[in-house]
């Protein structure tokens, strides 16, 4: 381990040395560009564009372009990027991750690579975690870009397609990650190319990159339509689940968050639902509902995983503690929770298009990101995204003190200690930020502080709008702020007058998060830009992380210490180490899950790319789709003839071919068995293809102008592809649910999924070609066709 660390430190040093040289080159232009007039400086943008068009690379232009942007920032924003910020900018331009501590000016750092890459005219996307930050940065940094002669667009969820298109056509576009993904999916569902909003994905800088590419990597973006589901099954399975007793009828595995029925539970189920065998393949739907009912009742906790508000079940984001409006658990889990909470059960929805953030962002030509904490996930960034994490040195040394964890026997004693600590600091005027993992913890603490008469602000999932404002004031003298993990992320906490002398901002963590990175983010709220500060985590044996992974060693350790008093406290390096190792285990589990999700999703990705490329080809076609449609018809005809002419001639099924021709190609009264007898299979194919050519020519006559014929061809293909592709997505989802069960038969589930998925894809392509043949050849032409 020590060797590995040494290698990292060495490679970091070498890398920083290389980057430092380029940064020196940028700084060498400072005097020359500083002497230019405003107009001369602005004219540089056009000069760079021309040089780029004439074949100079962005790497060649980097030193001058960065220097121009830097001088521009000084004149427009009154900010002048430091040496370390230039280094960060180069890292971003090279498609890697710049790890910069809180308050080191990530937003300003990004201006240089954004400016340089916008010169190519291919578009630069800057991604933030919420719309508030998108608007803020687009407005503030937008002043600089427009001054330098570039256009800036802001892409928000409520904008019209027209406004979105304009935003994407700008040199620089600010957006949230989800909106970019949804626009991509919607673009691949449109039927007219004029309705598309995005340009090809070129360069993206992701702010808080760990949050989006790692914490949310598994979150699929789903566009769905209504499907016909059965709500009665949800209520029945929910009623049954509520009759069961833990340990006797079912077992809970907290580590993997699963519930499984015991033999007794299975027998009860068979009796309750009147079945011989609960796990018979015919009862697949029932089992799926039953699994969900068990999870909803015994794993998903109200006010921790979700809240119920106005008769609606709303998901709480486990990483940020925010309510995720409009998001629903998929695969029927949401409906199961609705049944559990006795609120109205919404119909299940059918997925029309989906993609994960991992695969969406991997489609960019160049992907880069910034964050305060990425070191712990170095491996994952390298393996999955092929990005290096470079730690950028701080501009001033860090003066914050991180104290070892304090461990208490019970939750109650822990919270009492937290309140005592807050009270003592508040009395001398030191500002305190208390970080909590769950919404209910922040509410409990708030109540305890009220009882002590300590004024404070609470930031949690339920209070989006005032977040930034509260965070900005969290560093004022006497301020006490309680916040769930990531609330107000991206907004700096600046220290008010007189606070430095009191020791700066005190950050108190009320429990460790399962990810070290989130703990580090909380610590990083204090001690920005060399400010003083202190951080302290309080733990108890009853914390989630301890219950799930706290080893026997800690419990024995406490018994040996004869800790009986509730307020007894231990501050020990061993405890901190145990917690770290528990966190590493969880992180390992989470990484494995994400990697596995990606391997499965890669199967879908390959298929999605094929289908989307075909759709693009169809939508973009301007003359005729005959070169696409005729081969489809030919493959369908060949396949059908081959199927019916196996073996000896006496065994051929010519009637089958005739039935196909009548149902998919020609009118009944224009063909008979006599037309097929005494022909070889090849001759039958030729005969049917000749008929198809005739029908094609006939249709061209009916649709007197080319554009109408093209429109008709597009309607046919898009209708068929879209309908079969959405069915296929659903089937692949179901395959994935069931594939895990095959692991028992010594088969590798991933390989099985790849093989079955490929076979299903082939079948879908065959079905698309058959449906296109039938729709195209048999459709009655009316003059007014609409896609």
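Note: Cβ is positioned from N, Cα and C throughout, glycine not excepted.
Remember, predicted model here, so these are calculated numbers, not experimental data.
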Of the candidates 492, 519, 543, which one does Swiss-Prot list alongside 85, 103, 104, 105, 106, 107 as binding ATP?
492
Would you mind listing, in sequence order, the residues at least six apart from residue 107 (ATP binding site) in the same chain with a Cβ closer than 8 Å to its Cβ?
137, 140, 141, 207
Determine, from DSSP, whether residue 106 (ATP binding site) sits in helix, strand or coil.
helix
Please give me the CB contact count at 10 A for residue 106 (ATP binding site), counting all chains in the structure.
23
Using an 8 Å cut-off from the Cβ centroid of 85, 103, 104, 105, 106, 107, 492, can you name the remaining same-chain residues around the ATP site, in sequence order?
100, 102, 108, 109
For the binding-site residues listed here, 104, 492, which shows the highest count of neighbouring CB atoms within 10 A?
104
Just to confirm: which same-chain residues, 6+ apart in sequence, have a Cβ under 8 Å from the Cβ of residue 103 (ATP binding site)?
492, 528, 529, 531
Kindly assign residue 492 (ATP binding site) to one of the three DSSP-derived states: helix, strand or coil.
coil
Ten-angstrom check, please: count other Cβ atoms within 10 Å of the Cβ of residue 85 (ATP binding site), all chains counted.
26
